[in-house]
């Protein structure tokens, strides 16, 4: 990845609210299925905005820090997804998204961020990201002191 896109907590909350607005009315949904781990925080934000209490997870491992590797389903929510929102933080190459579509063909699959290769696999997203860009999510970062340039 040649570029980085840094996401702050504030940005994430703003984008999640935009996505939640598009998912109204809330009473059309039975619940939310979060794709672990990237979709966990966005699912909490959507659940709050939409007043949804039924939140489940599908646990798929497809990244090893910044490298994609073999995909493995560790846990899945029951059913075909009918009446459920499935959320992940982003759709990248589409590998995870294809697995989600196979598991939950009737779900409404959304992400906050979408890269060109994966975009056709989601029903909705908020932000376009170039394919060669790595997204730094706020839960992966910490605040660090940076000394002044003058050294004083």
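Glycine is treated like the rest: Cβ placed from N, Cα and C.
On a predicted model such as this, the values are computed, not experimentally measured, just so you know.
Residues or ranges marked as 5-phospho-alpha-D-ribose 1-diphosphate binding site by Swiss-Prot: 37, 38, 69, 88, 89, 90, 91, 92, 93, 94, 95, 96. The GMP binding site annotation in Swiss-Prot covers 69, 92, 93, 94, 95, 96, 134, 135. Taken from Swiss-Prot, the feature Mg(2+) binding site applies to 89, supported by sequence analysis. Taken from Swiss-Prot, the feature xanthine binding site covers 92, 135. Look at Swiss-Prot and you will find 92, 135 tagged as guanine binding site.
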**Study point:** Alpha-carbon spacing, residue 95 (5-phospho-alpha-D-ribose 1-diphosphate binding site) to residue 134 (GMP binding site), which is rounded to whole Å
**Key:** 16
Check your understanding: Secondary structure at residue 91 (5-phospho-alpha-D-ribose 1-diphosphate binding site) (DSSP, helix/strand/coil)?
Key -> strand
Check your understanding: How many neighbouring Cβ atoms, not counting its own, are there within 10 Å of the Cβ of residue 91 (5-phospho-alpha-D-ribose 1-diphosphate binding site)?
Key -> 28
Review point. Roughly how many angstrom lie between the C-alpha atoms of residue 91 (5-phospho-alpha-D-ribose 1-diphosphate binding site) and residue 135 (GMP binding site)?
Key: 11
Exercise for review: For residue 96 (GMP binding site), name the DSSP secondary structure in the helix/strand/coil scheme.
Suggested key: helix
Review point. What Cα-Cα separation, expressed in whole Å, is found between residue 96 (GMP binding site) and residue 89 (5-phospho-alpha-D-ribose 1-diphosphate binding site)?
Key: 11
Check your understanding: Residues with Cβ closer than 8 Å to the Cβ of residue 89 (5-phospho-alpha-D-ribose 1-diphosphate binding site), same chain and 6+ apart in sequence?
Key -> 38, 39, 41, 42, 111, 112, 113, 135, 137
Practice item. Please report how many Å separate the Cα atom of residue 93 (5-phospho-alpha-D-ribose 1-diphosphate binding site) from that of residue 134 (GMP binding site), as a whole number. Key: 12
Exercise for review: For residue 37 (5-phospho-alpha-D-ribose 1-diphosphate binding site), just give me the three-state DSSP call.
Suggested key: coil
Point to revise | Site of maximum Cβ density within 10 Å, from binding-site residues 93, 96 | key: 96
Check your understanding: Taking just the CA atoms, what is the gap between residue 37 (5-phospho-alpha-D-ribose 1-diphosphate binding site) and residue 92 (GMP binding site) in Å?
Key -> 15
Practice item. For residue 135 (GMP binding site), list the number of other Cβ atoms lying within 10 Å of its Cβ atom. Key: 20
